């Protein structure tokens, strides 16, 4: 039993340091290029911003800030490094704030599309560029407030590794359950539900209207790409958080399992950090929709209204 309380993970951490460098350096370079290029397109190419473009701009800004935290992660991963706790806390806040800010932004992109297409009457009252800007501001306020609260869940010694030095309080059931439910499960259910409903509605419109000529395909691509990027980026790491929680709660005691969990946590977090590069898919389809048919979403809404009126008659 005593053996299970201490499990040497130094060799795993050493291997992961090399893997992180191999992943983070190209991710940082490519991600910065793609997101800065996307911002340039959104800001200087698109003059009339739609709700989705506003959310995409917010997503690109969040991704850039998350990418800026990666050099800190690479620096603090070095062994035998005396850590400046204030700088470490700032880097952690920058990282986790923008990670969950991205999750909520992707969620609101799906919600915005769902309301516009599935409930076109409500869309006239619920959707506007002003409201989209307010939602983006609220996302920033919420995630930074929550992140600031996590500062107290931190050991104050200078020997622990940054991003690995959280106190046992943060691994308590209320905190982890909240992270899993509000940081992943609820957004996943919303994105998945909205994606299914939007796809069904657009396919129904396509079957009814022979004049559709493929309209709605780009919107489906935006919705599906949001869903795929979300699941690929954030499902593995939140499963890893749950497994690490079981280790901290002494549910998983075997050292070999703990080592596998530690490796899984660090690998999945690396995959989650590739998300800013994957979001380029969402930017591409948003730009394509705006370039091909600037009033495309409005025509879809009008057909949705006509479709719902015909069903009610």
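Residue numbers in this text run from 1 along the chain shown.
Glycine residues also receive a Cβ, built from the backbone N, Cα and C atoms like all the rest.
All TrEMBL annotations are machine predictions without curation.
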Check: According to TrEMBL, which stretch among 93-111, 112-130 corresponds to the feature transmembrane segment?
Finding: 93-111
Margin query: So, taking each listed stretch (23-45, 93-111, 263-286) in turn and counting its Cβ pairs to the transmembrane segment (219-243) that are under 8 angstroms, which one gives the highest count?
Written below: 263-286
